[in-house]
Amino acid sequence: DQGWRKRPSGTTWTKNGQDFDPYQDPRLITLHDSGTFIIPNNGNLTEFQGNYRCFATNKLGTAMSEEIEFIVPNIPKFPKEIIDPIEVMEGQSVILECNPPKGIPPLQIYWMTLSLQHIEQDERVSVGLNGNLYFSNAIETDSRRDYCCFAAFPRIRTIVQKTAMSVVVKSTNSLLERKPSLLTPTGKESHTYLVKGEDLQLECIAEGFPTPKVEWVKIGFHKLPERAVVESHGKLLTIEMVNEEDEGKYMCRVKNPHGEVVHYFHVSVEEVPTSNRKILKDGTISIHNAKPENSAVYQCEATNKHGTILVNANIMIMSNPENDPVGLWLHRSKTDSANSVEGERFSVYKNGSLEIHNVMKEDMGEYSCFAQNTEGKVAIAATLEVKDPTRIVDPPHDLRVLVGTTIQFSCQAEFDPSFGDDFEILWEKDGMTLNGSENARYILDDGVLEIINVSFGDQGFYVCVARTPVDQDMAVAQLSVVDVPGPPEDVVLSEHNGRSVKLQWIPGDDHNSSITKFVIEFEESQHEPGSWREMMRVPGNHHFALLNLHGHVDYRFRVSATNEVGRGRPSQATERYKTPASAPDKNPENIKIEGHLPHEMDLNWEPLSPIEHNGPGLEYKVSYRRQGTGEDWTEHMVKRHSFVVKNTPTFVLYEIKIQAKNHAGWGPDPEIITAYSGEDFPSAAPENVAIDGMNNTMVKVRWDHVHKDKLNGHLGGYRISFWRLRSLLNSKKTHGDKHTLTFSGERNHTVITGLRPFSEYSLIVMAFNSRGNGPGSHPISFQTPEGDVLSGCQHSMQCPQEIIHGGISNQGWFIGLMCAIALLTLIVLIACFVNRNKGGNYVSHVLHSDDEKPLKSSQHSLNGDLKGGDSGDSMVDYGDEDAHFNEDGSFIGEYSGRKERVSMEIKGNNQSTA
């Protein structure tokens, strides 16, 4: 926002943008003949907090002061808190947080003891910009109970103290060395934004052992800016009063003998608000036909996100002296026309110099200056050439690639075509020029840098420089190479304690991908020598593990690391460590109990693996007793993983437990499980078997369940066996194939389908268990009702053979009737033949089945009056042909016609069930 005011006489005030009159508030002290007022400290200062501005006015205009912010600060205080002691192993890092209260800056942090002795800082111990106290690695002398953070606020003359903190450093016999990692800042990169003129402070504090050292680099430059200062034992980079030249990428590299870690800072410097006294379109005040009375003080206020600035312009309008030299500039362009130089972009100074702002292509040409005064004339000429700026339009981009791949950086630029061959693109890495490199893996062609078979040595920042004889542009890209982690180093065993041991290691290089977990493997020399098996996994930020081991095993261990790329190679194996023998830690699992014979019970279990024996002489104690009888346990010691309990009652509930034992002692108390002894055949048959007829081919069977005491085992279900005894058309007995239907579970009824009409059947029902079938019920006979023979033929597309060979075919009257029909048929055929020879016609009626398909074995009717639903008993009788049964309980009925035989199978799975 910008505003201009001309200063009149008098003074006024505003508070928070609203008019404010200090003379109307009796609590304020005002000074006569002045716009000054005083706010006395009467205990109500907070009421006057706000932003104030003064305006002074006279006949020449109005001037305003800069905005004044009046703040009444509170006394900063640390919260009252109880801080638990911090316990660490020697060599580990420690962070003591200060978290100072808010107050009026500047803030100063001091770490001292309760006796006000300063905590000494060095490469290992330092205070960060955030006020925290950092230990890169702890030593025993760091143990103390009075670490205190003091926050000082000089402007209000206040120092506050945080609750004292206690640190306990535990000594260890094996101090674990490790590569550095950053405590602050976090991540791979960060961004810092500054206003021109502010101080830049970049900080890197790392942990590791030995204590790491810090180096600073500005990317794309061979050294740090001259004004850069490195302090705090190399951990802090400071540049006072930054400007645009200080922008760019900075890198801190922290390293020790075990590796290094880097962090990149992107620094941006922005301008503060400034007034513009040049003649511009925006923010410009122009006075046309200026006269002496236009002389005044003019003010301009400019604001942006960084703040506000107010500037004064004192303009005095005076007449030009006659003897000053007068300068005239002429511009001769490419068109050879000469014109006077004028316009907003051109400024001619008192000494005759010409300044051109925002130069354009059309400004090219010859410039001539003519100047004269009373002493004489002078003329000079100059030629101006304007070139297009060199600009990178397609800069290279940061890449993160897998080791061994091929990558390309592309750098495309625009430049003035007049330079022709004088334009070039150069590539640099870490200050070294790559153009003309003898490394065959680097290929440069037309602004493209290709690197073949990328290795970790190729990591870093690559600088592309587009250069002409008059200017250049530069772009930077970072190459990061990732791979599976390197193998951990210095894998050692410590704190040996019988069957437990501490395993420690130093992580290998994470290869630019954070380690997510470590996998610990073991190998033992007795049972499976040379075979490595996984023991456990720990998070990627853990560098040790406590291992609980089996007894009587000669171990060695190794560690591998995993990151987002995959699992790396394992470390070198540790020395061997043999544990003492001990009692088994567990008992057998997956116990399986079966009763294959009525008076036996088979026990089987999963044996302990060899490494789980924990010592020599492994045996199993098998204990069992009948449940609920109060009997003592019967015990047997066995070395195998099975046992047979003999002479058991049939299907009785037992309690069983199995305990492991070796020479060192017994395993834990075993869990008691229950199971039944062996089963025997059911000893009773189902009773009250009843049959209900449903139609001439289907019946419903019902029965009572066998009592559980008679099952002699777990009920498997019921089976029904039935067979056809005879046809009711003939007293001759026949025994059809037996059918058996099986039903699992507690079922007590079913429906049998596919029976033959007008037949007698016999049926029995029996229960079964895993041992087999029990006795069958008393056979029960039943009869199916008479059915319609002709309609039966039509429906099944079969005509039973017994129609021809059945009982009524033996009757004399039937033989006579058949002879008469045959004679009559012969006469009709002769008549038809004669009539046909005379050109006559007759209609033959064919009997069809329900689905409109003709029956192969049907005869032509003598007339069309016979219906499909008529009985047909006058023509045929039921035969006594045996039925053939399928195993699933269905059967096949066989019927015969006069000329051919057709059969149909009724599948058992078409039965309907109740």
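Yeah, the Cβs are placed from backbone N, Cα and C, and that goes for glycine too.
Feature annotations, reproduced from TrEMBL:
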- 1-20: region 'Disordered' (REGION)
- 73-166: domain 'Ig-like' (DOMAIN)
- 180-268: domain 'Ig-like' (DOMAIN)
- 273-385: domain 'Ig-like' (DOMAIN)
- 389-482: domain 'Ig-like' (DOMAIN)
- 487-582: domain 'Fibronectin type-III' (DOMAIN)
- 566-590: region 'Disordered' (REGION)
- 587-680: domain 'Fibronectin type-III' (DOMAIN)
- 685-787: domain 'Fibronectin type-III' (DOMAIN)
- 813-834: transmembrane segment (TRANSMEM)
- 853-879: region 'Disordered' (REGION)
Positions on the same chain near the region 'Disordered' (566-590), where near means CB under 8 A and six or more residues out:
484-489, 491-493, 496, 498-499, 501, 503, 505, 508, 519, 521, 523, 525, 532, 549-560, 605-608, 612-616, 618, 620, 641, 658-668, 670-671
Restricting to the domain 'Fibronectin type-III' (685-787), what is the model's mean pLDDT?
92
Is it possible to list how many residues within the domain 'Ig-like' (180-268) are helical, extended or coil according to DSSP?
3 helix, 54 strand, 32 coil
What does the DSSP secondary structure composition of the domain 'Ig-like' (389-482) look like, as residue counts for helix, strand and coil?
9 helix, 50 strand, 35 coil
